Amino acid sequence: MAKINHRTMERKRESQNPRHEPEKSMSISVAESQLPASRGCEAPPQAGSARQDDPELPREWSNKRKWVSVALASLLTTIPPVASSIVAPLLTQLGEELHIDNKVLQFLVLSSWQLTFNCGPFVLGPLSEVFGRVVVLQIGLAWFLAFNIGCGLCETTAAMVAFRFLAGFGGGAGIAVGLRSLPLPGCLYADSSFTKTGFGIVTDLFAAHERGAAVALYNIGPTLSPALGPVFSAFVVQYSTWRWAFHAVSIWTALALVLSMFLLRETRESVLLEKGNWTSTHQAALSAADHVQRLQMRKERTRTQLLIAARKTPAALLRPILMLSTEPAIQVLAFLNAYLYGLMLLSIATFPLLYEPIYHQSPSIAGLHYIALALGYLAGGFVCQICIDRTYNRLRNKLGGPSNQGQPEYRVPLMLLGSFSAPIGLLMSGWAAHYKVHWIAADIGFAIFAFGTMISIQCATNYMVDAYTTFSASAVGATWFLRGLAGFGLPLIASNLYGHLGFGWGNTLLALIAIGAGFLAPLVLWKYGQILRARSRFVAVDQ
């Protein structure tokens, strides 16, 4: 009886103070069930983990500090898109100095950036959830700065293409921390916030009803910079050398990075909490036992998280490819998005071929025509921002039935405006150049094309977010993968296309494909979208 009581007491003590199993015996499945929330993948904070009136909480910062953070983040994310298109006016001079006689190789210098720029966010996006927005943004831009300096100093074609390719990866950091966050592979807490983060830094700082102006400020630089970058480089190449275009961007990047080190602070709340960057009130609220427990758990938590991530990463990275190959809705939207994005890059690449030889303008004056694209992008984004939710709500009230439930297909009608505008703009600009009509006609055509392109891309993205809420990041990621390929490939055909067909028939061919893709996608989704979603294994359960 004494032995039984003794064993009973031992079991009771063990149940109160359980022993750690040896690390080698811990399987990944057990670790997943017992692991506490890890940095970047934690469950929603429990009450009391961070008081809402804490002045160190990003949403409790002063308005001045918030707006400075948004402005600086926008400045940092504006630089890489400038570098992506800044090469277009430089290609002729660059080709002469580096002895690049083949036009396709010249355009390869421009388009090689796109492969890594569009794929980089798949790595940098999850890292921003773990280590914080600011550190990923700064390290990514430092990477970009290093290879952009190499672009300005290189002496061979191979070096230029390689440096542009590598610089694009770091340039994608702005997309990773600013646009829709991608889910961290192996995340233990499958919370939809990882795919509904929206504009990462803006979401960290502002509540939903306060984000409108902040999103507009954040977005204005990245939206305009691909079109305005060549305006700057066109003047540089006329009055200096192509190298100084890269040097100027490098100086700008270095100054912005130094400024961000003093003025830009981390906005990711979970990262701040993990690092203990809270006021003394909250530090005091944690008992000594809590601090000891956190330190003891951190090492084991990190090790186990790496094991889980190693197992789940391949599936997470392959999901966008799987969705692209099995989801008809994503296929039609991804093709439309990729094709329009490729046409944007092709247009940027061909401006020097159009305005300099046909309209006999100097490089600096020819570069000013990129402003037409910028105005079109702005107008398209403005119209989409105003009309997309109004159209959705009107159709929901009209067709939603007694439950007044919205459907992703209610995002489709506005897409028709973009599908109609983009081909018209291509035809107008192409035939204006063919018949040498006044240059303003070609500019208006390019502006209309940019207007329609922006609307179509925005509507397609909103449809995928509504339809695939849980896996929306993977759905959008599938389109980014394909548009990276299109952005790389389409500019390479520019010289041969217009050399054989001219601008009139060349743009007519491109417009016919745009008409087919632009009207096929919305019609298929409007008629069969609900059926396709019902058969999908990736669609949100609440749809």
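Heads up, the Cβ atoms here are built off N, Cα and C, so glycines get one too.
Annotated compositional bias 'Basic and acidic residues' per TrEMBL: 7-24, in sequence order. The feature compositional bias 'Polar residues' is assigned by TrEMBL to 26-36. The domain 'Major facilitator superfamily (MFS) profile' annotation in TrEMBL covers 69-533. Residues annotated as region 'Disordered' in TrEMBL: 1-58. Marked as transmembrane segment by TrEMBL: 67-92, 130-149, 161-179, 244-264, 332-355, 367-388, 414-433, 439-459, 471-493, 505-526.
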Cβ under 8 Å, sequence separation of at least 6 from the ends of the transmembrane segment (67-92): give me the contacting residues as numbers and ranges. 61, 106-107, 109-110, 113-114, 117, 133, 137-138, 141, 144, 148, 164, 167-168, 170-175, 177-178, 201-202, 205, 214, 217-222, 225-230, 232-234, 237, 242, 245-246, 249, 252-253, 256-257, 259-260, 263-265, 267, 345, 348-349, 351-352, 363, 366-367
Any contact, the transmembrane segment (414-433) to the transmembrane segment (244-264), with at least 3 Cβ pairs under 8 A: no
Of 130-149, 332-355, 439-459, 471-493, whichever stretch has the most CB pairs under 8 A to the transmembrane segment (244-264): 130-149
Considering only Cβ pairs within less than 8 angstroms, which of the stretches 130-149, 332-355, 367-388, 471-493 has the most against the transmembrane segment (439-459)? 367-388
Average model confidence [pLDDT] within the domain 'Major facilitator superfamily (MFS) profile' (69-533): 79
